[in-house]
Amino acid sequence: MTVQTKTKGLAWQEKPLSDNERLKTESNFLRGTILDDLKDPLTGGFKGDNFQLIRFHGMYEQDDRDIRAERAEAKLEPLKFMLLRCRLPGGIIKPSQWIELDKFARENSHYRSIRLTNRQTFQFHGVPKAKLQTMHRLLHKLGLDSIATAADMNRNVLCTSNPIESELHRQAYEYAKKISEHLLPRTRGYLDVWVDGKKVQSSDDFLQEDEPILGKTYLPRKFKTAVVIPPLNDVDCYGNDLDFVAVSDGNGQLAGFNVLAGGGLSMEHGNTKTYPNISLELGFVPPEHALKAAEAVVTTQRDFGNRSDRKNARTRYTIQNMGLDNFRAEVERRMGMPFEPIRPFKFTGRGDRIGWVKGIDGNWHLTLFIESGRLVDEGGKQLLTGVLEIAKIHKGDFRITANQNLIVANVAEADKAKIEELARTYGLIRNDVSKLRENAMSCVSFPTCPLAMAEAERVLPDFIGELDKIMAKHGTSDDYIVTRITGCPNGCGRAMLAEIGLVGKAVGRYNLHIGGDREGVRIPRLYKENITLPEILSELDDLIGKWAAGRDTDEGFGDFAIRTGIVKPVLDAPVDFWDASKAVPIARA
């Protein structure tokens, strides 16, 4: 490592460490005093460091914000409970597992629902503290866990839901699982607290523990990884810290991976030191070196990532601080080999194929559209029960997609009719879903997310309904615009890779971004700030009218907005995301 590289990448060391670094150092490898808090009947939540530590175990403490003021008036603490996010690399789950998870959701969660996420897993919302060990022991019995699905670790690893290319998908999925396992923390703290219920008696009990990859203070910030199979970019690969783009050998077999790093979509309103950015190309590696590449990127981020300012701690800021060439050189040094040149690849879209598709192996796959990923029995719909009934007879597997949908995968020809009958009976197959709605997404936001500034999941259905009317008015109902709503600027709804992105600013108010593309490779530009949903619809009515009248053949809304100068493209986010006047095209020889 050269002095120049080290100095450039580690300037943050001159400042005090964030308190999260103390917390991790003193946590006894993530155990803290969580077991003591579990025994405390006076509060539904966790105290002190434990409030943060449970995140490393895949949970967030939340409360029902709809009734927070009411409970405060009654001199009661907020109705506290936990969100749990399962670790499920590639989103594949067995029907037998689903049946048990459904039972837990109905009997033990406040909202009696299962939420499919755009990180290809499921979440329980509203789990009381008294049921947490029961929940984790159930996951353990089912061969599942929730370790490292939150906090400063490598989160759930995504993999393109591509059952048509069955062999290539199988190989890519195996690497998604291997990467997930390789980058897991080695501490027994998760098992000790949630499964065994064993309290560490002295420091001797954990002196033998080690974290050879993550280190005893783990990563500076969250770290997201995805495996993607072009031409489908369903996992939004440009929004992750680390991406493995599968390259086919031309015969349906895996030739290796293009490695990208430095994507991320969170920011802070008004803080120009924060910005979303797309991931950048490092190079190509053959399959046998994929784990080595993953470890090298993670340890480079571990050692160079900012541990003083958490708002500038993600991998994209590390690359910006070091410079891409220096970052790549450091990764290659740790790999012990250079990257090969990037192999050509291209994305053509990222939406799921709703309905039946046949794989090359002869099996059928039914993709069910699940709006915002929420499976619940309410409002005359029995979506949760519908999936349960399918699980009781399904002989294949389920695949949760990064678009918050559910694939009933590997269905034999003889079983198709019964599966479809159940799906239609319970409203899992609908004939009234527009292309616009199929390509819309939201985060959870109110009432459970403590960071929510504005509604997202609860307003999406009606907002898309109004947008559908505008599309019909301008004769574009057979087309779609990738539209996403997120309740705050932390990026969970991936609005910063949408053609139309709404980012919550305050209750009932949003920033409107436009100019992303259908393939998910361009960040949208801020168009209007701090406006209401009716105002947004009025703006979009005008813009969609212009798009309908002046678009080129097959030109998406975002591309049209850029071509016609409605907004300037975000070309280099660290430079021009906050200042469009600096969006100057890079001259190429």
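Just so it is clear, glycine is given a Cβ too, placed from its N, Cα and C backbone atoms.
Per Swiss-Prot, the feature [4Fe-4S] cluster binding site maps to Cys443, Cys449, Cys488, Cys492; the stated evidence is sequence analysis. Summarising the environment of Cys449 ([4Fe-4S] cluster binding site), the number of other Cβ atoms within 10 Å of its Cβ, over all protein chains shown, is 21.
Here Cys492 ([4Fe-4S] cluster binding site) comes close to Asn118, Cys443, Val444, Thr486: these same-chain residues lie at least six apart in sequence, with C-beta atoms under 8 angstroms from its C-beta. Annotation source Swiss-Prot lists siroheme binding site at Cys492, citing sequence analysis.
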Minimum Cβ neighbour count within 10 Å among the binding-site residues Cys443, Cys488: which residue?
Cys488
Which residues, same chain and not among Cys443, Cys449, Cys488, Cys492, have a CB within 8 angstroms of the centroid of the CB atoms at the recorded [4Fe-4S] cluster site?
Val444, Ser445, Leu451, Ala452, Ala456, Thr486, Gly487, Asn490, Gly493, Gly504
